[in-house]
Structures are given as structure tokens and as C-alpha cells.
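Taken verbatim from TrEMBL:
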DOMAIN    63-150  domain 'Pyrroline-5-carboxylate reductase catalytic N-terminal'
DOMAIN    294-438  domain 'Ferric oxidoreductase'
REGION    1-40  region 'Disordered'
TRANSMEM  247-265  transmembrane segment
TRANSMEM  285-313  transmembrane segment
TRANSMEM  392-412  transmembrane segment
TRANSMEM  424-445  transmembrane segment
TRANSMEM  465-487  transmembrane segment
Amino acid sequence: MESGQLVSRAPAPGCGKSLDMEDSPLHPQSATRTSGKMDKPLISHHLVDSDGSLAEAPSEVPKVGILGSGDFARSLATRLVGSGFSVVVGSRNPKRMAGLFPSAARVTLQEEAVGSPEVIFVAMFREHYSTLCGLSDQLAGKILVDVSNPTEREHLQHHQSNAEYLASLFPTCAVVKAFNVISAWTLQSGPRDGNRQVPICSDQPEAKRTVLEMVRAMGFTPVDMGSLASAQEVEAMPLRLFPGWKVPALLALGLFIFFYAYNFVRDVLEPYVQEGKNKFYKLPVFVVNTTLPCVAYVLLSLVYLPGVLAAALQLRRGTKYQRFPDWLDHWLQHRKQIGLLSFFCAPLHALYSLCLPLRRSHRYDLVNLAVKQVLTNKSHLWNEEEVWRMEIYLSLGVLALGMLSLLAVTSLPSIANSLNWREFSFVQSTLGFVALVLSTLHTLTYGWTRAFEESRYKFFLPPTFTLTLLVPCVIILAKGLFLLPCISRRLTKIRRGWEKDGFVRFTLPVDHALAQKTSHV
């Protein structure tokens with residue numbers, strides 16, 4: 001068995017008997033309750049209360065069994081011992097494995113390990129389940145906690161989840177699916193942030209309640225997923241690789257490839273074709289730095305475009321009680337990921353910009369400019385307009401990056417959970433729109449009058465910044481229209497339940513401004 005989660009292999013033949021469930025053997029009251037954070041491995045006989053203080057373990061220590069001796073089983077035994085449980089480990093070779101487990105845990109043969117505990121963790125691969133069929137009489141009436149995970153291929157191949165397969169082998173046992181989303185490292189180091197949640201499912205309510213109490217005693221947060229039929233979904237959780245990031249990441253990558261190719265044609269290929277100048281040295285830094293702000297700016301605008309489309313759709317329909325199209329609904333759900341990718345590109349653009357003066361080519365350009373100034377006998381170069389443009393351009397860029405940083409920080413669960421809905425909406429909606437406006441002004445001051453200069457249209461292609469301004473300008477214009485009293489009042493009424501074809505008389509509160517602030521339905 002390898003480090004981390006358990007991975008199953010192949011099905012095995014059944015070996016169960018008729019169902020004759022007894023009462024839940026490990027009463028929840030006997031389990032030690034712990035809700036505080038455990039940031040260090042727990043090898044102690046003390047428990048941590050919710051206020052962080054230490055409490056003595058109860059005199060009657062609940063006994064738990066573990067079948068398996070791999071890395072996950074060892075980490076599970078460590079956590080259980082530290083949480084106040086008496087642990088018995090069943091192994092095929094107890095003498096060799098005894099030294100790998102905590103000294104407080106008793107390592108013995110599987111036949112002896114399943115005798116007294118009423119809750120037994122099955123920490124082995126799926127193809128090894130059939131080796132436990134000889135213990136079916138001793139396991140009758142006990143709670144079996146399945147912690148295994150299939151591989152991605154096995155998950156698609158098998159019609160039954162690992163937990164359901166285990167339940168079919170041992171129908172006289174209450175099978176509970178739990179701890180499969182927790183890694184061996186998390187069990188040893190303690191639950192933190194997202195790793196605190198433990199999905200649990202079972203067909204036996206009493207057995208599920210018993211395991212729920214054990215999960216709390218171990219410092220985790222149980223999540224009831226319903227019946228054992230949900231085990232297939234629970235086992236799929238560790239197999240997902242950033243499921244909510246696939247579309248936003250592909251979108252960002254597509255935008256980067258498009259703008260990089262566009263800038264390559266304008267800044268590298270055109271000078272080479274038209275003037276025979278070799279500008280290919282610009283590819284690693286200059287072209288990338290020109291591409292990153294375009295991607296960041298367009299992604300930021302795509303965060304707020306679906307909200308504008310949703311508002312326009314509600315105004316057209318005259319109701320909020322109709323579903324948005326699927327593409328718009330998915331777009332709205334991916335706004336957080338798109339915004340974080342925009343923030344990812346913005347600091348990279350800032351860092352690349354700081355690197356521009358460090359390039360050797362930039363130093364050569366400075367020397368050549370100085371030589372040219374000497375040859376033309378010019379002692380003072382100063383362009384007032386360019387000086388002001390660059391000062392304003394840099395200042396707006398720093399402000400936009402700072403605002404994007406604030407949006408990214410408040411999207412973190414630990415920060416977002418400390419804000420109420422009005423505060424969170426103000427930061428993400430109002431300040432986010434301010435960030436978009438600042439980014440637009442930053443882009444406009446960069447372009448200045450270049451959009452009207454014929455020399456800027458290389459290969460008849462407009463400057464890159466003109467392409468990026470299209471979507472943000474549409475959003476800013478639409479937001480301005482939504483602020484008009486005739487449109488704003490109608491949109492507020494719709495979001496508070498009014499319908500165009502309804503027969504219910506609807507009257508807005510007297511304080512229309514207050515109604516707008518509280519109508520984010």
C-alpha cells in the first residue's frame with residue numbers, strides 16, 4: 001500500500017449472509033467530542049475542547065479496530081489514539097508491522113482484531129475485501145468503515161462503489177463510507193481549512209451517527225451525504241483535478257495564445273518583413289509582457305459581463321423567475337475562477353515591466369539614444385505631454401493592481417466568511433467595477449493618441465489595446481444605463497419579485513436607495 005489514500009484494484013466474489021442488524025454498538029455519547037483545531041500529531045491521552053483547552057479522556061475508552069497496515073492505516077491509528085480511542089490493528093504479519101504503529105495501538109492478527117471492537121475501519125484495497133470473508137461470522141452486526149478509493153479507470157469501469165461492494169460481501173454489517181477524501185498526511189498533521197470536511201454516507205442511520213461522532217472526536221467536520229448510494233459520488237471527489245477551473249483555465253490559455261500571436265505579428269514579424277530588422281529577441285520578455293495585461297484586462301471584463309447580460313435578460317423577460325440559459329448559468333458560476341486568473345496575470349505583468357530596463361537590449365537602446373543625441377547636438381530632451389502621460393499611466397496601473405489584490409484576498413474562504421453579505425457584495429461588485437474602470441483608464445492612457453496614428457497599424461492590424469477596450473467599454477456603458485432611474489427602478493422591482501405579466505400590485509419602499517442596496521436576490 002502506498003502513501004496517501006487507498007486505491008482499489010478489482011472486484012472479488014461475494015461471501016455475505018442475511019441481514020440481521022443489531023443496535024449501534026458504539027453509542028455516540030461514549031465517543032470523545034473534539035471540535036478544536038489540531039495542528040500537530042496527536043499522540044496523547046488528552047482531548048481538545050472547542051475552546052482550545054485540554055480535557056481528560058473519559059474513563060471508558062471506546063475501542064476501534066483497523067484492518068490493514070499500510071500508510072493510511074498507520075496515520076489513522078495515530079489520529080485515533082491521539083483522540084482518546086483504544087486501537088486494535090489487524091495485520092497478516094503483526095510482528096513485522098508492530099513497530100510502525102503508535103505504542104498505544106495493539107497490533108495483532110486479523111481474527112483477534114475484530115473480536116472486541118464494534119467499529120472497524122477497512123483500510124485495504126478492494127481486491128482484498130474477499131480475504132475477509134472468513135471473518136464474516138465475527139464481523140456480523142459490526143460497523144465497517146470503508147476508507148478506500150478507486151483509480152479513475154476503476155471508477156468508470158465498476159458499476160458499484162467500493163463501499164457498496166463491501167456491503168454486498170457483508171450484508172450482516174453496517175457499512176459506512178468515510179475518510180476517503182482525507183490524506184494520510186492530514187490525519188497526522190491535523191485538519192486544516194478545506195481538509196476538515198469528511199463526507200459520510202450509509203444506509204444505517206445509527207451506524208452513520210456513530211461515525212459522525214467519531215469524526216467530530218478526531219477534530220474533523222462531518223458532512224452527511226445521505227445513503228450508501230452516494231458512495232459513488234463521494235469516491236469520485238479525490239479523483240477530480242480542479243473541476244471548476246478547467247473552462248476558465250482554457251479560456252485564459254486561449255486568450256494568451258491569441259494575443260501573443262497577435263503581438264508577435266505586429267512587433268516581431270512586421271519589422272522583419274517590411275524593414276528586414278531582427279526583433280525575435282523580444283519574444284521571451286517584451287511580447288509576453290505586452291500579452292499579459294491584455295489577458296488580465298479581458299478576463300476581468302468577462303467577470304462582470306455575465307452580470308450585465310443577466311440583468312438585461314431579466315429586464316427583457318420582466319421577471320426573475322425564469323432560468324438563465326445553461327451557458328450563462330455556467331458563466332456566472334465560474335466568475336471567481338476567471339477573476340483569480342485575471343489577478344494572476346496582472347502581477348506577472350508588473351514583474352515583467354520591472355524587468356524591461358534590465359534587458360541588455362534596453363541598455364543598447366539607451367546608449368544608441370545618447371550617441372544620437374550627441375551627434376544631433378541636443379543637450380536637453382523633454383516632452384511634457386509624454387511625461388504626464390507616463391505618470392498618470394503608472395499611477396492608474398498601481399491603483400488597478402491594488403484593487404485587484406483586494407478582490408483576490410476577499411475571495412479566500414477564510415476572509416469571505418468573516419464578511420456579511422453586504423460587505424462581500426460591496427467589495428466584489430462595487431470595488432470590482434472600480435477596478436475595471438481603473439484598468440480601462442490605465443489602458444486609455446497607455447494608448448493615448450496611438451489609435452489615430454497610421455504608423456501604428458502594422459499589416460493593417462490595429463494596436464492591441466484597441467481590441468481589449470471593446471468588452472470593458474460595453475460593460476461600463478451598460479452599467480451607466482442601468483443607473484438611470486427608469487431602468488434602475490424597474491430592475492430593482494424585478495429582483496424583489498415583481499413580474500411584468502403578474503396580477504399582484506407591487507410597490508417599492510419609500511426609500512428607493514435602501515431598496516437597491518437590499519435587492520440582490
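The backbone N, Cα and C atoms fix where each Cβ goes, and this holds for glycine too.
TrEMBL does not curate its annotations; it predicts them automatically.
DSSP assignment over the domain 'Ferric oxidoreductase' (294-438) gives 121 helix, 0 strand, 24 coil.
For the domain 'Pyrroline-5-carboxylate reductase catalytic N-terminal' (63-150), DSSP puts the residue distribution at 37 helix, 23 strand, 28 coil. Packing against the transmembrane segment (392-412) from elsewhere in the chain are residues 300, 336, 339-340, 342-343, 346-347, 350, 419, 424, 427-428, 431-432, 434-435, 438-439, 441-442, 445-446: each is 6 or more residues past its ends and has a CB under 8 Å from a CB in it.
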